[in-house]
Amino acid sequence: MNFIEAALLIQGSACVYSKKVEYLYSLVYQALDFISGKRRAKQLSLVQEDGSNRAVNSGTPCETEDEFLSLDDFPDSRANVDLKNDQASSELLIIPLLPMALVAPDEVEKSSNPLYSCQGEVLASRKDFRMNTCTPDPRGSFMLDPVGMCPVEPVDVHPMPRSQKDAEEAEEQPMAVSRNGSPVSVRSISQEPDGPALSSGDEDAEDVAELPEVALEPAEPRTSQQTAILPRRYMLRERQGAPEPASQPQETPDPWQSLDPFDSLDSKLFQKGKPYSVPPGVEEAPGQKRKRKGATKLQDFHQWYLDAYAEHPDGRRARRKGPSFADMEVLYWKHVKEQLETLQKLRRRKMTERWLPGAKQDLWPAEEERLEEPLEDLGVADDFLEAEEYVEESEGVMPREAAGLDAEAIPESLKYEELVRRNVELFIATSQKFIQETELSQRIRDWEDTIQPLLQEQEQHVPFDIHTYGDQLVSRFPQLNEWCPFAELVAGQPAFEVCRSMLASLQLANDYTVEITQQPGLEAAVDTMSLRLLTHQRAHMRFQTYAAPSMAQP
């Protein structure tokens, strides 16, 4: 890369960025000047206002300048109402439902009241042209009627007609007389949207005092109708009584709510329980001597089951396989399995004592403890499985050699070790059928069969010594400085010997003992390597006899 061009490029980019920084710097200063100028203009306007006020006070005329109205100089008006979500109606809550004016009528309602044209054609339904009815809100806005009734009107038990209600409100509305003699309606206290709904008697007195003075002057002679209406004009509308606070429903405690461990519970009165007398066999008298009780023997499940569930008058059950209750299935088969194992051990012991009379008696201590139990519980009088069935099953489980043992087949000099060895071999032979060979185990076995011969062959090879193989390769050269193909030097040798000779030749070339070259025609033949012997002296031998010049004696 040309460094001059690179330097010019860097200089140009630096100039561009410096101009950008200067432009941003000027923008910042312009913004600061604009802010300071606006502040100075505001100060000048304040000074001019002070000067104009002084001029007015002094009586000197000053020129009036046209000023624009600000956007927020409108007076507060009752027509503008800000609705807030947290302001709720004090009388009734508006149900947040879809207004009835926006609910589409059904097809049945449309067909029941159709709208016909002059020619008798059905144009539409009268239900399609429904007026949106609105209800004035206490805050001054108009709300759509959600359920067809005014949400701010109190719910009366006997609603009166609309016309009658309007008439009464017109009568209760106070009137006042203006300067020109025309009646003017005076707003009542209840019409104030922001004022409280209830007030005290002092406020009523103040409202009466605030009435115009014209109404307090002596009235002129009027007709009987006017005199009847006149006293009603000064009456204020009766205020409704304070509504009784609705009794809040008692909250029922949640039984699933977790209790507070640190909360103090209500104290409950102690209730005396019902006493029970202790049986004399259980009660311990203070003067009696306590005797150590032995361990109680558990009742035999088999005998208990027969006593509890036997349903025969003579006390014997029919031959049935398994209990009659599903709950006893597990216990039943567990008991049967234990009996079967005990009978098998008993039969095996009898056979051993028959052929080995001199065997030791303490070979099966656990079995002797089990055999101490009565034989009636082991299957002699068993109602579930008879003794003959145990014998048949045990004969099927015993090995075939042991089942067919006779006096002629087994010699008298048969020892216990020989019998155990035969049983173990028989067990191994019979357990082979339970071995399941998977696909992965088959692949592993094939790989082992393939790799085992190779490993054995590698173990038979002599250790690899690179100097020994180098000496053998040098000895095969006919003379110095003569090119010989590598294939001729290793002709007739196995593959692993060729690999070792190849590695030894590379070491010789590194020591400058031989020279390696390649003949043209690599694409035609793979073996194009040739070697030439340079010297018979080996490098490692030279290093052994090497002496540095500094070590030589002068």
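Using N, Cα and C of the backbone, Cβ positions are placed for all residues, glycine too.
Annotated features, as they stand in Swiss-Prot:
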COMPBIAS  179-191  compositional bias 'Polar residues'
COMPBIAS  201-210  compositional bias 'Acidic residues'
MOD_RES   SER45  phosphoserine
MOD_RES   SER178  phosphoserine
MOD_RES   SER182  phosphoserine
MOD_RES   SER199  phosphoserine
MOD_RES   SER200  phosphoserine
MOD_RES   SER441  phosphoserine
REGION    154-296  region 'Disordered'
Cβ packing number for SER45 (phosphoserine), 10 Å threshold: 10
Cβ packing number for SER441 (phosphoserine), 10 Å threshold: 11
Assigned element (helix, strand, coil) containing SER45 (phosphoserine), judged by DSSP: helix
Rounded distance in angstrom between the Cα atoms of SER441 (phosphoserine) and SER45 (phosphoserine): 100
